[in-house]
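Listed in Swiss-Prot for this protein:
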type: SIGNAL; residues: 1-26; note: signal peptide
type: CARBOHYD; residues: Asn258; note: N-linked glycosylation site
type: CARBOHYD; residues: Asn314; note: N-linked glycosylation site
type: CARBOHYD; residues: Asn345; note: N-linked glycosylation site
type: CARBOHYD; residues: Asn397; note: N-linked glycosylation site
type: CARBOHYD; residues: Asn454; note: N-linked glycosylation site
type: CARBOHYD; residues: Asn481; note: N-linked glycosylation site
type: CARBOHYD; residues: Asn501; note: N-linked glycosylation site
type: TRANSMEM; residues: 574-594; note: transmembrane segment
type: TOPO_DOM; residues: 595-651; note: topological domain 'Cytoplasmic'
type: TRANSMEM; residues: 652-672; note: transmembrane segment
type: CARBOHYD; residues: Asn693; note: N-linked glycosylation site
type: TRANSMEM; residues: 832-852; note: transmembrane segment
type: TOPO_DOM; residues: 853-997; note: topological domain 'Cytoplasmic'
type: COMPBIAS; residues: 987-997; note: compositional bias 'Polar residues'
Amino acid sequence: MAMAEFVFCRPLFGLAIVLLVAPIDAAQRHTASDNPSTYNIGGVLSNSDSEEHFSTTIKHLNFDQQYVPRKVTYYDKTIRMDKNPIKTVFNVCDKLIENRVYAVVVSHEQTSGDLSPAAVSYTSGFYSIPVIGISSRDAAFSDKNIHVSFLRTVPPYYHQADVWLEMLSHFAYTKVIIIHSSDTDGRAILGRFQTTSQTYYDDVDVRATVELIVEFEPKLESFTEHLIDMKTAQSRVYLMYASTEDAQVIFRDAGEYNMTGEGHVWIVTEQALFSNNTPDGVLGLQLEHAHSDKGHIRDSVYVLASAIKEMISNETIAEAPKDCGDSAVNWESGKRLFQYLKSRNITGETGQVAFDDNGDRIYAGYDVINIREQQKKHVVGKFSYDSMRAKMRMRINDSEIIWPGKQRRKPEGIMIPTHLRLLTIEEKPFVYVRRMGDDEFRCEPDERPCPLFNNSDATANEFCCRGYCIDLLIELSKRINFTYDLALSPDGQFGHYILRNNTGAMTLRKEWTGLIGELVNERADMIVAPLTINPERAEYIEFSKPFKYQGITILEKKPSRSSTLVSFLQPFSNTLWILVMVSVHVVALVLYLLDRFSPFGRFKLSHSDSNEEKALNLSSAVWFAWGVLLNSGIGEGTPRSFSARVLGMVWAGFAMIIVASYTANLAAFLVLERPKTKLSGINDARLRNTMENLTCATVKGSSVDMYFRRQVELSNMYRTMEANNYATAEQAIQDVKKGKLMAFIWDSSRLEYEASKDCELVTAGELFGRSGYGIGLQKGSPWTDAVTLAILEFHESGFMEKLDKQWIFHGHVQQNCELFEKTPNTLGLKNMAGVFILVGVGIAGGVGLIIIEVIYKKHQVKKQKRLDIARHAADKWRGTIEKRKTIRASLAMQRQYNVGLNSTHAPGTISLAVDKRRYPRLGQRLGPERAWPGDAADVLRIRRPYELGNPGQSPKVMAANQPGMPMPMLGKTRPQQSVLPPRYSPGYTSDVSHLVV
């Protein structure tokens, strides 16, 4: 009796206590050849038919060589499921474990509760004996901490969330309300829906979001208070998990609030589908083969046989435990067998049989049921395994569905509001914002009131908006019939995301600011602004089709020409100008050298005319070289030698080419249009090179900023420009005009507009990062399709083109920049001022030089006068000295002559007359100023012996024969007359003492 009590108590304690299990003894192991040849399979079944079918299936299995190896036999050991879980535990120990069962198949009546299958799972799991359930669908059995060896051929209830997602994707519903009970299964289905949707919507275009979660206590009596919240929500699609009893209460109260009629969509689980007051049009799910115990029994047996066969071929299987009273039993083979069972994937009577890590059935098929009149259930679709794609597939025949209110057309699934909260932002030319004056009470006809969003200051809310987007909004509201309240962005930003971690989770959450943040947080219904469509924004909001296609471009100020004072120097580079200047003087020097060293250049010929041109000197050579280059007439100073003249011709050809090239390039620089841009586009090396002194920027947190973040090849450029980014586009454009910013990168539409109204601005390069402007809406907004269709119609009708001409190209104030650019520029004083300044410099230089020359000449004249005075004094002194010498010589000769006459009067002698006019001194001019004093006839007569004695003797011989006698000056003088004045006749003597000075 004591032993029986111990056996009875052991399994009961095993339900709550986990014992430490000692390692299995090595002696209990078997080699592959020592594997058991017989395997007992236990069955805890709900009725006799199931027991009989279980036995029959085991017998048939033994003849199936595909699943049963040779020398292996299976036997069945069955017991009846008892509603009392304690009795069930005793029966499992006494009738199954005592017979060494390797696994247990368990089923129960659906109306009897799940406590008995749980008792079987606890008891078998304590000894690591695998349990295969064929009817238990509660979420609790998925917990492997409790049901360590339990797996099932039916899916749990919460797996219906997977089917919900497929149905929502099929019907394109994007916003739902989930209603669930607060028990384990209700919370499990909510968690499954939220978890699976995270990965499910990566593969589909339409993403469903949960707008409202309604949780209720089981066995409720009224659902009215929850319906009030549901009625104010926007979604009209209800996903409900509830028991049959709770579903009756919910459907009853929902009908009273008219929430089961037209426009509403109910998708429920299996239990709620069987409520006796399920409204017409409700869609529900029903598991295929849910009540086919025979099919599940067969599938479970064959899954078990398949696992044992593979295990036999791979490892040793120890015998199953036999004694429930042995607390030291730890059947490792049972644990390994459980792993083999979870890896099975076979095609059975109930479909494709496979399990997840929790041992729950996957690939289970469902029928989509549509409730019609008188609670008739009509199958309108199937969720089944597609063997070709190896995954589940949803097939629904929409034409067979009758929706609530007996409608054949699919409801929108959302309450469509007709009065919308709209936001916009100031961005020329799409939205112009004007503050109303103090005496104004309303906006102009083409304007709309646009106060600041959520701003309580009444004076700050008086704004009027007009522009491209406002005209589009006016036409759009007329086309799809809605009213609106328009407001301005409170912070003036389109919005960007900030990564935050408020919950301590591993992943960071994006929080949006600006217009996008208002839309994401559902404080606004629509954004009508030049909102660029990009992946980051599209993840959180909806976009209509683009109302304007555009891209990103670069705005810069048109490059100005070089300094106007030296415009005429632009045709040649500085290097070329220097080379020309050097060439002029080098050629001049070579010309001079050639002409100087040429035998026909420097020296005149003996027979040449006295008027022959002078030889070329260095200054004349420089003058010649400059004259040829500047095409001026050369009247003198040309080369004389042939070699120099050849060089002169070559230099003339060089000058012709240089002058012609200069003239052509001067026309190109001064007359033709100036260059359009400095940059070639986004691929310009000056933008990509971070070391280049070039400032570029965009707007912080804008779509352009996000584009640069995404592009890896632009990362270096983005890091450079990030510090220069502006808060608004208006500030950046003003800095471009002022020259503070060299390149502003922004949306092409805005920059083309700015360039069209200011001829000093220009867009550089081709568009990149092409996208479009769209109207932003909340995720799942019912207005998305209507807005998109209206915009497409606007494109087809030409309305959008009309807006482009009116606002983008700025027709009413646009300057004709294109005509201005194509008209040839005429040269004026501004362009040629440098040439006139050069002439002025030349004139000033000439005047300066002449002043210097005059001053220098005056200095030279003074110096020359001093030299002339000194020379005259010297000449006078020299003349006086020579006169004295002459007189003395004459006196000496006179004395000698007189002595000779007195002593011996030699015949034939003649007195020599010294006539100053006839015989002047060497270098002395003839004239009365040179007459001797006291000589009235200005002639001194002396006797000339050569005339009297020796007529053939020359004066030089006479001077040599008579020392001391001065030699008369011979040269270009008149011939001596033979007749002398009487005073100086031969033999005439006179006193010459008066001649002594």
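Along the chain as shown, the residues are counted starting at 1.
A Cβ is built for glycine as well, from the same backbone N, Cα and C atoms used for every other residue.
Keep in mind it's a predicted model, so treat the numbers as computed, not measured.
Take the Cα of Asn454 (N-linked glycosylation site) and measure to each of the glycosylation sites Asn258, Asn314, Asn345, Asn397, Asn481: the nearest one is Asn481.
Checked against Asn481 (N-linked glycosylation site) by C-alpha proximity, the glycosylation sites Asn258, Asn345, Asn397 yield Asn258 as the nearest. Among the glycosylation sites Asn258, Asn314, Asn345, not one has a Cα within 10 Å of the Cα of Asn397 (N-linked glycosylation site). In three-state terms derived from DSSP, Asn481 (N-linked glycosylation site) belongs to neither a helical nor a strand segment and is classed as coil. The secondary structure of Asn258 (N-linked glycosylation site), as reduced to three states from DSSP, is coil rather than helix or strand. Note: Asn345 (N-linked glycosylation site) has non-local neighbours Gln352, Val353, Ala354, i.e. same-chain residues 6+ apart with C-beta under 8 A of its own C-beta. Here Asn314 (N-linked glycosylation site) is positioned 63 angstrom away from Asn258 (N-linked glycosylation site), judged by their C-alpha atoms. On the 0 to 100 pLDDT scale, the topological domain 'Cytoplasmic' (595-651) averages 71 in the predicted structure. Around Asn314 (N-linked glycosylation site), there are no C-beta neighbours below 8 angstroms that are at least 6 residues distant in the chain. Note on Asn481 (N-linked glycosylation site): other Cβ atoms within 10 Å of its Cβ, all shown chains, come to 9. The secondary structure of Asn345 (N-linked glycosylation site), as reduced to three states from DSSP, is extended strand. Around the Cβ of Asn454 (N-linked glycosylation site), a 10 Å sphere holds 9 further Cβ atoms from the protein chains shown.
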